[in-house]
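The domain 'Cytochrome oxidase subunit I profile' annotation in TrEMBL covers B:14-550. The transmembrane segment annotation in TrEMBL covers B:38-59, B:80-103, B:123-143, B:155-178, B:190-212, B:224-248, B:301-318, B:330-349, B:370-392, B:412-433, B:445-464, B:498-523 (among others).
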């Protein structure tokens with residue numbers, strides 16, 4: 001297949017657009033998925049515990 | 001520090017530095033009579049010195065420490081000191097070139113001290129020397145703490161840190177000799193570029209291997225930002241530096257691209273150097289040190305994930321806004337402009353997330369200059385990303401492009417955001433890893449803060465005024481349709497602002513010198529304090545950890 005300007009720009013304008021939209025939807029769903037909330041809270045607090053939390 | 005390595009590791013260090021020294025010798029022989037030969041000698045001397053440092057400890061007893069019980073902070077310590085060293089060098093060069101623009105006699109008529117050669121020493125010195133070392137050092141610190149695991153390997157962190165600094169030295173010394181491949185922020189020639197690829201791949205492997213050893217199930221968001229920084233910078237660096245050397249015995253090379261493709265590749269690189277070198281890694285710093293210092297978890301962890309992917313996938317398209325009104329196809333210009341405007345959303349999400357984290361802890365910001373460094377950095381991040389989106393709009397760009405407004409914008413980001421978050425992180429991390437009670441002098445931290453903030457504000461306001469004046473004078477026509485002002489007229493109008501910029505830059509430099517002094521005095525004079533806990537633990541062990549609210 002010859003790599004022409006028309007072919008690459010058509011590919012970028014169609015597939016590129018779809019993949020960006022799919023990706024942003026996917027990431028948004030992941031970030032706001034309700035049952036992951038606990039895991040995210042724990043992660044956010046984990047950095048505070050690593051240096052001055054209780055000793056084992 | 002050498003005695004903390006095992007005998008095998010010391011032998012490995014000797015082997016590696018010996019090989020690099022030989023490579024330097026080969027470069028010196030093949031490139032004799034050219035700047036490449038000088039770089040060979042520099043490599044030979046530096047690697048040879050390391051060889052003798054390692055060899056000196058070759059017969060020292062084996063280390064007795066239990067490596068599973070502590071983090072490996074020696075490379076972090078050296079990295080932070082190197083960052084401060086480069087800060088003083090790079091910002092000093094910046095003040096010199098700023099002063100040259102105000103008073104051209106300060107060139108002193110030498111070839112090496114011309115503006116065109118000193119300016120890349122300034123840009124590479126602050127971006128790669130200061131910023132790069134701060135990023136590498138803090139990434140070593142953060143990846144260990146957030147993974148609760150020691151660095152994967154004891155030789156590779158040294159290889160990454162010292163190899164990167166060899167690249168910085170080759171870059172800076174090359175500029176003074178006139179070596180450049182004429183690509184902004186990618187000036188070093190082919191052999192330095194190949195060396196950086198090797199160093200960077202080792203860095204990436206080290207990071208992935210440390211993550212693989214982690215005792216923490218979730219990979220904290222700061223690590224994602226650092227990983228994006230390492231991975232994307234590798235891609236950008238390799239593609240933009242594709243070139244054919246004119247000969248293998250000299251520095252000169254020719255880019256694999258030509259014309260507008262070359263320009264687009266360069267600005268795809270250039271803008272993403274801003275994105276992934278000067279933003280992504282420093283956001284990693286922000287997401288770790290700001291919650292840590294404020295003793296509050298990040299306001300919204302979900303938002304931090306969302307803005308991470310937003311930044312990664314929008315920034316990569318924004319580079320073409322550097323080429324408005326050029327031979328670049330119009331739709332590519334519009335694409336870059338659109339993505340630049342969209343970038344405001346994830347950028348402000350990060351800045352807002354940082355400030356909302358501090359909401360409720362403003363008394364800490366008032367009392368603690370270290371936290372204030374981070375808070376003001378987040379504010380400048382928000383301001384400069386807004387300004388950047390605005391300037392990428394084609395109509396605004398027609399006024400701002402090629403003027404000092406661009407310079408002001410870059411410095412609002414580089415001084416206000418990148419340098420302030422780095423200094424804040426350095427003040428937060430130095431007492432922890434050197435096991436000190438506190439910094440040597442909190443008053444000096446205050447002095448540094450106000451000098452840095454004052455210097456940045458003076459600098460940025462001077463360049464806004466200068467740039468808009470310059471842009472308006474360029475586009476003013478007389479009634480008969482000719483240009484109203486000559487180029488020299490604009491220089492005369494800009495002169496007072498250039499003087500103001502030199503003053504602002506000097507204040508910022510003075511702050512950095514105070515900061516370096518304060519760190520050195522902390523290491524030498526402050527009494528030892530054992531931390532309550534700063535070592536790796538198993539994931540089960542941290543289950544009953546004290547909630548952050550208590």
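Quick reminder: no glycine exception, Cβ is built from N, Cα and C everywhere.
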Long-range environment of the transmembrane segment (B:445-464) - Cβ separation under 8 angstroms, sequence gap at least 6: 369-370, 372-373, 376, 380, 404-405, 407-409, 411-412, 415-416, 419-420, 423, 427, 439, 497-498, 500-501, 503-512, 514-515, 518
Residues from the same chain, set at least six apart from the ends of the transmembrane segment (B:38-59), whose C-beta lies under 8 A from its own: 2-3, 5, 7, 10-11, 13-14, 17-18, 20-21, 23-31, 162, 166, 169-170, 173-174, 177, 191-192, 251
Cβ contacts the transmembrane segment (B:80-103)/the transmembrane segment (B:498-523), at least three under 8 Å, sequence gap 6 or more: yes
PLDDT averaged over the residues of the domain 'Cytochrome oxidase subunit I profile' (B:14-550): 94
Candidates B:123-143, B:155-178, B:224-248, B:370-392; stretch with most C-beta pairs under 8 Å toward the transmembrane segment (B:301-318): B:224-248
Cβ pairs under 8 Å between the transmembrane segment (B:123-143) and the transmembrane segment (B:498-523), at least three: no
Tertiary contacts of the transmembrane segment (B:370-392), as residues 6+ beyond its ends and Cβ separation under 8 Å: 286, 289-290, 293-294, 318, 321, 336-337, 340-341, 343-344, 347-348, 350-352, 354-355, 358, 364, 400, 405-406, 409, 412-413, 415-418, 420-421, 423-425, 427-428, 439, 445, 449, 452-453, 456
